[in-house]
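Asks: From TrEMBL, for reference:
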{"type": "REGION", "residues": "1-31", "note": "region 'Disordered'"}
{"type": "TRANSMEM", "residues": "118-139", "note": "transmembrane segment"}
{"type": "TRANSMEM", "residues": "145-164", "note": "transmembrane segment"}
{"type": "TRANSMEM", "residues": "193-220", "note": "transmembrane segment"}
{"type": "TRANSMEM", "residues": "227-249", "note": "transmembrane segment"}
{"type": "TRANSMEM", "residues": "269-288", "note": "transmembrane segment"}
{"type": "TRANSMEM", "residues": "295-318", "note": "transmembrane segment"}
{"type": "TRANSMEM", "residues": "338-357", "note": "transmembrane segment"}
{"type": "TRANSMEM", "residues": "369-388", "note": "transmembrane segment"}
Amino acid sequence: MSGDETAVAEGPPAASPGGGAAAPGRPGPGGRPHARLPVAVAALFAALYCVHSLMRHALLRSTGYDLGIFEQAVRGYAEFRAPIVPLKEPGFHLLGDHFHPWLAALGPLYRLWPDARLLLVVQAVLIAVSVVPVGRLAIDRLGVRSGVAVMVAYGLSFGLQGAVAFDFHEIALAVPLLAFAMVALAEERWRAAALWTLPVLLVKEDMGLVVAAVGVYLLLRRRWRLGAAMLGGGFAAIAVIVLVLIPLWNPKGYAYFGSVSGGGMVHGSPGAGGDLLGTLLGFPASLVEHPQKLWLLWMLGVVTAFAALRSPITLIALPVVGYRLVSTISLHWSTERVHYNAILMPILFVALVDAVVRMRGGARRPVRTYARFAVPAALAVSLVSLPGTEFGKMFSPSFWTTTPHVTAARQVLAMVPDDARVAASNFLAPQLTGRAEVVLFPNVTRAPVDWVVVDTRRPSVVPVPPAEIPAAIAALPGQGFRLVADRDGVQLWHRPGR
């Protein structure tokens with residue numbers, strides 16, 4: 001590494017837009033007069049996220065996996081019960097699947113508005129809140145125009161779009177926490193960074209990787225005691241959660257060991273067993289066999305015009321990315337409508353801001369030139385790619401159109417009585433989970449149900465391949481069900497006397 005590169009890697013004190021040094025954590029000249037600007041931008045994104053999510057749900061594009069699952073869990077908390085999720089299987093305790101006790105905090109809100117749409121609105125607001133710390137840091141360090149550009153690029157980033165477009169996920173609770181944590185790291189507020197990071201352990205069991213990574217970063221910054229505590233605490237938390245806590249609610253133990261040991265996925269569920277060593281040794285070949293992994297790496301780089309790679313904060317993303325790349329679950333490599341990339345966005349965009357500040361003080365002209373164009377390039381990436389993204393679909397009339405099929409489905413769903421025991425298709429289930437006990441069709445033999453509502457025109461791969469659906473429907477008369485309604489392929493069956 002040359003002397004110039006070393007200077008860039010170590011980084012100068014945070015520079016103000018005018019070129020003078022600014023103490024870490026204090027706003028530069030562009031910050032204080034525009035303190036409310038990030039809040040305004042966040043509010044706009046919250047509105048965008050809400051409209052997108054609520055429209056998808058209204059037009060029956062949300063699914064039982066996963067919106068219905070999380071509504072059943074939150075409904076349990078709201079009613080002071082365990083988070084039992086019949087959509088997974090009868091009597092299934094959701095804490096035996098993933099460790100996300102933070103979901104209980106949504107219980108009081110659900111009592112005020114017992115509807116799946118509450119979860120979508122909460123997710124939209126949580127993700128939008130993360131714009132505020134990222135935006136404030138960007139304005140303080142880079143100036144108003146660059147700060148706004150960072151906020152827009154961040155709010156439209158593929159990782160956040162994927163989370164908004166894929167129902168609800170507990171990971172939404174981690175996004176604002178990590179945004180505040182990364183900003184604290186960039187401002188060298190070490191204790192604040194740790195305090196913002198630690199609560200993510202209650203979001204999901206694999207968040208211990210992020211906590212440990214923050215610990216490594218703190219060690220690199222010579223914060224020995226705090227760094228060691230975070231590093232050890234992150235891995236200790238994973239071990240306790242996976243080996244002790246989750247088995248308390250799931251006698252079968254943690255179901256996702258197979259995801260990094262060749263177990264793969266079976267109809268959307270993790271397979272059993274596998275060869276961890278073989279998976280690791282075969283990883284280089286898997287990059288060729290599964291080009292989606294290379295595409296994921298490309299997208300994670302290009303989203304900040306590769307500038308984030310100039311900041312050591314990016315190191316915090318490595319454990320999460322590494323875990324996903326060795327995973328045998330194909331959704332972990334996706335850059336489309338999945339939630340897995342959301343937690344990486346605050347890390348990468350805070351790293352972008354940090355990198356630009358560092359590069360502005362670089363000794364070499366190409367580095368300083370790169371610093372000038374990094375933020376506009378990141379914004380250009382978000383805007384140019386917008387037509388092919390989930391939000392880009394909002395420019396098409398079809399995104400907003402209520403089709404005759406949707407109208408027919410709503411009419412059939414209205415015939416299902418409240419508090420009924422129902423087996424429903426994946427796309428119909430989240431329309432009922434707030435007022436009925438719902439399992440997925442065709443799992444009617446796993447739980448006693450009185451009603452079956454199935455969309456024969458929109459089969460889902462969950463819980464079984466679409467090819468198995470016709471046989472399951474044909475078996476309903478033999479199980480005592482009779483057809484009550486059939487409108488545009490949406491069928492309602494009822495078992496008399498139940």
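A Cβ is built for glycine as well, from the same backbone N, Cα and C atoms used for every other residue.
Unlike curated records, TrEMBL annotations are generated automatically.
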Asks: Do at least three CB pairs under 8 A connect the transmembrane segment (295-318) and the transmembrane segment (193-220), leaving out pairs fewer than 6 apart in sequence?
Replies: yes
Asks: So which of 118-139, 227-249, 295-318, 369-388 has the most C-beta pairs under 8 Å when paired with the transmembrane segment (338-357)?
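Replies: Per the Cβ under 8 Å count, 295-318.
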Asks: Between the transmembrane segment (295-318) and the stretches 118-139, 227-249, 369-388, work out which stretch tops the count of Cβ pairs under 8 Å.
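Replies: Against the transmembrane segment (295-318), the leading stretch is 369-388.
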Asks: Using a Cβ-Cβ cut-off of under 8 Å, list the residues of the same chain that are 6+ residues beyond the ends of the transmembrane segment (118-139) and lie near it.
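Replies: Sequence-distant neighbours of the transmembrane segment (118-139): 27-28, 30-31, 34-35, 37-39, 41-43, 45-46, 49-50, 53-54, 57, 62, 67, 70-71, 74, 106, 109-110, 146-148, 150-151, 154-155, 160, 163-164, 167-169, 172-173, 175-176, 178-180, 182-183, 186-187, 342, 345-346, 349-350, 353.
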